[in-house]
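Novice: Quick paste of what TrEMBL says about this protein:
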REPEAT    311-344  repeat 'TPR'
REPEAT    345-378  repeat 'TPR'
REPEAT    413-446  repeat 'TPR'
REPEAT    451-484  repeat 'TPR'
REPEAT    485-518  repeat 'TPR'
Amino acid sequence: MREQQIEKLRGVVRDCVSKHLYSSAIFFADKVAAFTDDPADIYMQAQALFLGRHYRRAYHLLNASKIVLRDLRFRYLAAKCLEELKEWDQCLLMLGDAKVDEHGNVYDTKDCNVMYLDKDSEDREINISSAICFLRGRAYEALENRVLARHWYKAAIKADPLCYEALECLIENHMLTFEEETSLLSSLQFGPEDRWLSSFYSCLIKKYDKECVIEAKFREVEKESCNSNPSSPSFTHTLKNNTDLLACKAEYFNQCGEYQKCFELTSDLLEKDPFHLKCTLVHLAAAVELGNSNELYLMASNLVKDYPQKTLSWFAVGCYYYCIKKYDQSRRYFSKATSLDGTFAPAWIGFGNAYAAQEEGDQAMSAYRTAARLFPGCHLPTLYIGMEYMRTHSYKLAEQFFMQAKTICPSDPLVYNELGVVAYNMKEYKNAVLWFEKTLKHIPTLSQFWEPTVINLAHAYRKLKIYHEAISCYERALTLSTRSLSTYAGLAYTYHLQDNFTAAITYYHKALWLKPDDQFCTEMLSLALVDEGRRGIDPKIEFR
């Protein structure tokens, strides 16, 4: 057969692949390879077999070729076949011996003479070495060697910053701390045309900086995209409203405790792209915090219908049962999610929370410790371990874990709030005031969710006998919620301690209106009435 006819057949194979007609592609690629015995045509046949899910046959074809150990593309595709067959040790053997250090620097002495038959294309390609490093990371992660997996993922993104999947694994699996993520990002070598990508990546990593710094990062992405191609404004608008970027913003709102704002943003995003799974996860988290069981039921039903094999679907079902306080069912579905994907951090944390909600501390601790071991870059397991110790009044141990969580994530207001609660319980009221004030400083906009923190701060001031500050904090809490028994009771008791009996009686009545059988307020109201009766009406007493 003439070369011209063979080239036409190659075109047919490429067209079949682009149209997902894999059986046709396999049929014609086999004939081309038989006619030419060219390594490039053998590779094309193996690629068609791989896409048609004939992994064992594709591997056999590649392994039988004499070039497999000398051409990186052959070796990489053979390793991909072994990945699909879950033969991880064989996969690593096929990729060859190489060493990597903790910073992602690769030392490979045996592959210095390998060749790479590059395809004829003007498209920009991901570096083959980067893809190989990433596949090594996948294999080590499957073999539960998360340390080496982390090192190889770092090597992959360093070899080529366009290898987004490596960065995604590092971020989504919480393999790095905030400092490590920042250091890795600063070490990447971006080309002049990829400045926008550097800015985008900085939005994807952990958002533990100050609010102004994070907002500046989001603005920088829009600015870079605008400057990169001023003749095409459509690109700017597309990137500015890109769902990935907006999902990052939603993640930041969720982290800051602005759950309503987060929920509204994710709701808008899911209207545009109902199957954006990263946004869906943040949406579920916000819905749980807001107690929106109807939304959770709807989301869980749709996810199970559309993605029955996805971990996220069963995690959503667990969230729904957790929200309606059916913790046994919740645990069952969180457990199913962890069995489907043991590297899905939210499922482990949800599993622990479901046990903790029923005060089953040992099982909760076990789940949290597993999460802390698997996800060293996530502070939540450590934080929840501290909460469990606090529940059992082991305040010193709780404080140690809260400080660990603070080291991992220095910007989470919940960590500072828990440190304040521990200090208060240990009667270290000055420290409690400091921690509660730090909590409020880390909250962009104060909402009803943070009302307990304001009340706790008021209690701490009252214990220190700084009554005017305590009253100010109680009144601030009333602006967030007017139906809090502890606020009215605390305010009444503070006025009572100041001998302002009239104001104390007023607020005891307001507290009892919310809960008529409250023993403390009932007794203190009786004492305040007696004290006022003994003292008589003093015109100097300020009425409020």
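Cβ atoms are placed via backbone N, Cα and C, with glycine included.
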Novice: DSSP helix, strand and coil counts for the repeat 'TPR' (485-518)?
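Specialist: Across the repeat 'TPR' (485-518), DSSP assigns the residues as follows: 27 helix, 0 strand, 7 coil.
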Novice: For the repeat 'TPR' (451-484), could you work out the same-chain residues 6 or more beyond its ends whose Cβ comes under 8 Å from its Cβ atoms?
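Specialist: Tertiary neighbours of the repeat 'TPR' (451-484) are 413, 417, 420-421, 424, 427, 429-430, 432-433, 436-437, 439-440, 490-491, 493-495, 497-498, 514.
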Novice: Please count the residues of the repeat 'TPR' (451-484) that DSSP assigns to helix (H, G, I), strand (E, B) and coil.
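Specialist: DSSP composition of the repeat 'TPR' (451-484): 27 helix, 0 strand, 7 coil.
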Novice: Roughly where does the repeat 'TPR' (345-378) sit in mean pLDDT, to the nearest integer?
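Specialist: Reported value for the repeat 'TPR' (345-378) is a mean pLDDT of 92.
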Novice: Helix, strand, coil: count each for the residues of the repeat 'TPR' (311-344), based on DSSP.
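Specialist: Counting residues by DSSP class gives 27 helix, 0 strand, 7 coil.
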Novice: Kindly report the helix/strand/coil residue split of the repeat 'TPR' (345-378) according to DSSP, in that order.
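Specialist: Its residues fall into 27 helix, 0 strand, 7 coil.
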Novice: With DSSP as the reference, give the number of residues of the repeat 'TPR' (413-446) in helix, strand and coil.
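Specialist: Summed by class, the stretch gives 26 helix, 0 strand, 8 coil.
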